[in-house]
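Undergrad: One structure, pasted below without further comment.
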Amino acid sequence: MADTLEFNEIYQEVKGSMNDGRLRLSRQGVIFKNSKTGKVDNIQASELAEGVWRRVALGHGLKLLTKNGHVYKYDGFRESEFDKLSDFFKAHYCLELMEKDLCVKGWNWGTVRFGGQLLSFDIGEQPVFEIPLSNVSQCTTGKNEVTLEFHQNDDAEVSLMEVRFYVPPTQEDGVDPVEAFAQNVLSKADVIQATGDAICIFRELQCLTPRGRYDIRIYPTFLHLHGKTFDYKIPYTTVLRLFLLPHKDQRQMFFVISLDPPIKQGQTRYHFLILLFSKDEDISLTLNMNEEEVEKRFEGRLTKNMSGSLYEMVSRVMKALVNRKITVPGNFQGHSGAQCITCSYKASSGLLYPLERGFIYVHKPPVHIRFDEISFVNFARGTTTTRSFDFEIETKQGTQYTFSSIEREEYGKLFDFVNAKKLNIKNRGLKEGMKQSYDEYADSDEDQHDAYLERMKEEGKIREENANDSSDGSGEETDSSFNPGEEDDDVAEEFDSNASASSSSGDGDSDRDDKKPAKKAKIVKDRKPRKKQPESKKGKDPNAPKRPMSAYMLWLNASREKIKSDHPGISITDLSKKAGELWKAMSKEKKEEWDRKAEDARRDYEKAMKEYSVGSKADSHRGERSKKKKKKQEKQVKGKGDKKGATSKSSSSKSPAKGMSDSFKSKEFVSSDESSSAESKKEDSEEEAASPAPSSEDSASGSD
């Protein structure tokens, strides 16, 4: 039997929502990693007390109970996986995986049982529903009635807000069943009540998200943000990660608290709480506890009296209460020596911090991206200038983040960092042997020193120095065109008489100087082909043979109706996807049959095309002959018209008196206006051509 079992696309039920992730069962215990948050739940094998297999909405589910009362639910299993899981539990955990289905009778009268942190409503021996008491935000009592209110779930479309239980009165003296029910709930419920004094208070802290100044009151189980307008109560159980990030100016510090579920202000959700501190601010802090309580609760991590920088005190107290590591930037150093990169995300400018296991951007909006959810990264050229570049990250879920306006000098450092972390770079492609160096089930909070990273950084520095030595000249030549100051000095004006003598180094400038004559020449050249364009444009001949189909298209036309009948109501896109899957799974022998049909169709097409081309050539020859004949006739008609015009001109020269009387033009007039004289000559020739030639009798009488 295998030592481990792995399951993908398993859903864990947390506060009413189903979070997908990966589940691994090993000899040591059960590990579940949330795909969305990267949070890891690790259940030791020695802590498991009971395992239950049952049918749920998403197939089949597994419920695990631990000895300390915690309940874990995982859904998304197939029915066939029960035997494999049952044998694994027997062999490695010494537990019997019980089958226990939920009661679906629909009755609302039963028995309530409290087991650990779970309230179970049972009918007989079968459970109807279960309520994790950690989801309860408030419990109120009435006459024979108990009301449970729940934390609102922002991820779910519909949230259960309250449940009411009717508790019948009993005859037992001295015991109120309603109060007993409420006490059992409150002992395990996640009820936030600001009872007692705060452990310590930090006043007037600058908060970037949500924006404003807040007093932070530290309680044993939750954090209370008190501002002028809003109050927030944040349970420590909702804190995912803590970050302490130095500002680029080296005078300020960011303290970032990652929350899930987020805090709400109207319709706005804040997944990150960002505090900004000055390094110069100091504080002396006294905890509102005696020294014995401090030592017993915090085991040396805190003392009753502490002093130091304000950001150090806040981060130290939060680390002790939340019991999570504080993530700081790794060994990355940018071009300016800072541990971050200045860039823009969406419409705001901010800082991008490369961490040991991810990237975080502050501050508007804050973004945290883990390495294990990155599909690839891409280095893109800046859209507005060559002096910057864009850094794009795409996750496995398809979400894309673009960090723009990064200085060009940061490219080498960032590229070496990404290369050392073995992330897939889209520009270059995934090189052989470059596999992810991190464990898929490792917690993304554990930032450890990486010796391999140090070695890669040293090699990267050497490569960068060599690259800078060899590319100094080429870099200056490449960017010389992007220098507005130099270009403006050498450019001649458009109407300058010395425009042709301007420097030829700027191609755009010479084009602008010769713009006017070049445009005229272009118009003259392009006139003839434009007139001929409609004639030369040929539409598709409907009589031409149709192109042959591929083997896949022939098979799809033959199998379309069968696929529709097997999947009634399937859409066109789903049908195409299904057909592609069937074709891909088809054996080679069956595909060869359709390949032969496609080859026959191709031969028939080639034969038909030969016949069609012979016929079309004959038609084109006939068309050319008719065009030549038509042109010849037009030339003959034009020649006759020219002869007729010549005779009319000669007749007009023989009768100058008539021409002078009809349209007399002086010599000065003709020389001053050529266009009008040309028009008058044309009119005279037309009038003389229209009038009949004088007969011999008329000329004789005129001489007499």
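Positions of Cβ are set from backbone N, Cα and C atoms, glycine also.
Whatever TrEMBL says is automated annotation, not expert-curated.
Sharing the feature lines straight out of TrEMBL:
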- 459-551: region 'Disordered' (REGION)
- 474-496: compositional bias 'Acidic residues' (COMPBIAS)
- 497-507: compositional bias 'Low complexity' (COMPBIAS)
- 517-531: compositional bias 'Basic residues' (COMPBIAS)
- 532-544: compositional bias 'Basic and acidic residues' (COMPBIAS)
- 545-613: DNA-binding region (DNA_BIND)
- 545-613: domain 'HMG box' (DOMAIN)
- 609-704: region 'Disordered' (REGION)
- 624-633: compositional bias 'Basic residues' (COMPBIAS)
- 634-645: compositional bias 'Basic and acidic residues' (COMPBIAS)
- 647-663: compositional bias 'Low complexity' (COMPBIAS)
- 690-704: compositional bias 'Low complexity' (COMPBIAS)
Undergrad: Could you put numbers on the helix, strand and coil content of the domain 'HMG box' (545-613), residue by residue per DSSP?
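TA: Taking each residue of the domain 'HMG box' (545-613) in turn, the totals are 56 helix, 0 strand, 13 coil.
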Undergrad: What is the average pLDDT across the DNA-binding region (545-613)?
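TA: The answer is 87, the mean pLDDT of the model over that range.
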Undergrad: Could you give me three numbers for the compositional bias 'Basic residues' (624-633), the DSSP helix, strand and coil residue counts?
TA: 10 helix, 0 strand, 0 coil
